Amino acid sequence: MAGTTAGYIGHHLTFLSSGEGFWAVHLDTLFFSIVSALIFLFVFRNVAKKATSGVPGKLQCMVEIVVEWINGIVKENFHGPRNVVAPLALTIFCWVFIMNAIDLIPVDFLPQLAGLFGIHYLRAVPTADISATLGMSLCVFALILFYTVKSKGFGGLVKEYTLHPFNHWTLVPVNFILETVTLLAKPISLAFRLFGNMYAGELIFILIAVMYSANAAIAALGIPLHLAWAIFHILIITLQAFIFMMLTVVYLSIAYNKAEH
């Protein structure tokens, strides 16, 4: 662990990676995103296996509330077949929420635990890594194109990006540029919104942790600040998971809507 404040912050913001440059793989991001997915699958699978028609347990009630809530959102906003979109929305919300929630674990706990196994760098919050959020948003981007082609055909896709908003052949280049920028803005905004909020939240936790190494008065101030930020951060991690899920559903609805253009 680095001895200076700058070194401490830099240490906590360094990924456990393999390779260099563009091709570097952030192993910690990969590991914790997979663990988060397994937690989601384990919980929902167990609830589904133990579901009863009688009085449900607390966990079953919570899962049923989340499933019905998200199914209602999809039903209200997506007017096509929901056999894929509804499970996708549920997966996105729960997966992103679990990954975000890792940020509530004390910032030194997991890195120090990893240090016992000879791992010197570890960042545990996958959604504070732009490569992870971009990866998820690119998957959404691919689904947008898929649902556009599915509902309008390839010819409809071409028309959508060449004859809108100006329906004249002389303005095809202008239409193409405008629609391409609009299309690319969707995954980019999805990725950077989630990344920016979670990175800022992680950094604030690190800065508060720095206070504990100062004098007793500042260290004592850090305790209520840490608690207050953790409570507020619960709202942030939930809201960001909801926004990512909601925008995905809206974007897919726009792509599928045959009467859109």
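Any Cβ shown, glycine's included, is placed from N, Cα and C.
A quick note: this is a predicted structure, and the numbers were derived from the prediction, not measured.
Feature annotations, courtesy of Swiss-Prot:
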TRANSMEM  24-44  transmembrane segment
TRANSMEM  85-105  transmembrane segment
TRANSMEM  129-149  transmembrane segment
TRANSMEM  203-225  transmembrane segment
TRANSMEM  239-259  transmembrane segment
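Taking pairs at least six residues apart, the transmembrane segment (24-44) and the transmembrane segment (239-259) share fewer than three Cβ pairs below 8 Å and do not count as touching.
Within the chain, the transmembrane segment (239-259) has long-range Cβ neighbours (under 8 A, six or more residues past its boundaries) at 70, 73-74, 77-80, 85, 88-89, 92-94, 96-97, 100, 127, 136, 140, 143-145, 147-148, 150-152, 186, 190, 193-194, 197-198.
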